[in-house]
Amino acid sequence: MMSLSMVHPSVHPIEAPPVTEHAVAMPRQTLEDTQGMPGTLGGFLLRFLQFSFALLSLSVMATTSDFPSVTAFRYLVAAVSLQSLWSLSLAVADIYAILVRRGYRNVRIVRLFSIGDGITSTLTFSAACASAGITVLIGNDLNDCAQNHCSRFETATAMAFMSWFAASPSFILNFWTLASK
């Protein structure tokens, strides 16, 4: 039988390495510095993708002459218009933060970004779902693609979904930052 005095710990404390210039030059990465957060290059790229896909969806839908006849398509145009304006304004804010090398650490700003991303991404997703339902109705159920612009409607809907896919990480990261403060 082994006594307690003979048990040795398997993990031994070690001394911290001395601080060097290399260690000072490379700060540890924190949650606020994660790529995709507001004020980072990853955040700017997400905003640029959101804006690009929303603008493509809006452009494709606007080139069709009969989109105003369907409420879901009008809703899609309104939602991606709002998404493109929101994403463009925050992309400009991200460019400014990158140029002055400052991140957004203010709780009020992060709350504004989180709420705005939540609203715009929800509107874009619901509009894309409604438009997808209408395109399926026109194409598969009514077999009326010959008289409608089914391929354009499908392309605009797909671009709206892609905009939502790019907006979701922004919302999640902003919400995470807000919840962790």
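Backbone N, Cα and C atoms are what each Cβ position is placed from, and that goes for glycine too.
Computed from a predicted structure; not experimentally measured.
Per TrEMBL, the feature domain 'Casparian strip membrane protein' maps to 37-166.
The transmembrane segment feature in TrEMBL is assigned to 44-63 (among others).
Residues annotated as transmembrane segment in TrEMBL: 75-100 (among others).
Residues annotated as transmembrane segment in TrEMBL: 112-138 (among others).
Annotation comment: TrEMBL describes 158-179 (among others) as transmembrane segment. Within its own chain, the transmembrane segment (158-179) is flanked in space by residues 31-32, 34, 36-38, 43, 46-47, 49-50, 53-54, 56-57, 60, 76, 79-80, 83, 87, 107, 110-111, 113-114, 117-118, 120-121, 124-125, 127-128, 131-132, which lie at least six positions past its ends and keep a Cβ under 8 Å from the stretch.
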Query raised in the report: Which numbers of helix, strand and coil residues does DSSP report for the domain 'Casparian strip membrane protein' (37-166)?
Result: 106 helix, 1 strand, 23 coil
